[in-house]
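A.B. asks: Shown below is the structure under consideration.
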Amino acid sequence: METKPVITCLKTLLIIYSFVFWITGVILLAVGVWGKLTLGTYISLIAENSTNAPYVLIGTGTTIVVFGLFGCFATCRGSPWMLKLYAMFLSLVFLAELVAGISGFVFRHEIKDTFLRTYTDAMQTYDGKDDRSQAVDHVQRSLSCCGVQNYTNWSTSPYFLEHGIPPSCCMNETDCNPQDLHNLTVAATKVNQKGCYDLVTSFMETNMGIIAGVAFGIAFSQLIGMLLACCLSRFITANQYEMV
């Protein structure tokens, strides 16, 4: 059987695949960084033990960028052992992305179970200064919400007794003063009416779903690369025997 035309075809396909693979590495890296920067504040409030999915994606994406270039080099060199190493790496990437995808998908469904407790705890220990308190402020400002179900939840917090409702709840912070925020009746006209529970859980479920979907989609594409690399390695080895 003539193997050279098959080898040429497989090389072309694998080089194209390796380039696309490299692009997916850049995408994974970008999604991981985006997930950490965009969702980091929400994750710190939603879970007692935050998900590692963004970190897994960042690490995997960086590694893929490097090995995507290695895949192109191995294909051009036509080295069977390099191609086998490339296929082995693709299998490891497949497993890593599968773990990241499952982590994001499972965590997405745990959000509602943990948010009520952790966010309520954050409100009870709120002092307006520490990292967790600043995370609460960030959520309330960015989503224009207040409290868990609504602004009245703040009335049970120690902070309310001294300072009233936090200014981050205000629709317009320049129009809020401490006296208004101490009075729930007056505050009703000054602060956001929507609670953060529904808004945050919906936001997180949507965005963690994106992370999981990207990871799953790219993970299963590795199977194509593994097949191409193994086939090319086999045909190159067979061609070497034909030439002997």
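Every residue, even glycine, has its Cβ placed from backbone N, Cα and C.
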A.B. asks: Would you say Swiss-Prot puts Lys36 and Ala238 in the same topological domain with respect to the membrane?
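C.D. replies: No, opposite sides.
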A.B. asks: Give the sequence-ordered list of residues that share a chain with Asn183 (N-linked glycosylation site), lie 6 or more positions from it, and have CB atoms under 8 Å from its CB.
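C.D. replies: Set apart from Asn183 (N-linked glycosylation site) by at least 6 residues yet with Cβ under 8 Å, we have Gly164.
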A.B. asks: Using a Cβ cut-off under 8 Å and a sequence separation of 6 or more, which residues in the same chain sit near Asn150 (N-linked glycosylation site)?
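C.D. replies: Set apart from Asn150 (N-linked glycosylation site) by at least 6 residues yet with Cβ under 8 Å, we have Gln193, Lys194, Gly195.
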A.B. asks: What's the CA to CA span in angstrom from Asn172 (N-linked glycosylation site) over to Asn153 (N-linked glycosylation site)?
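C.D. replies: Asn172 (N-linked glycosylation site) to Asn153 (N-linked glycosylation site), Cα-Cα distance: 20 Å.
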A.B. asks: Using a 10 Å cut-off, grab the number of neighbouring Cβ atoms around the Cβ of Asn153 (N-linked glycosylation site), all chains included.
C.D. replies: 19
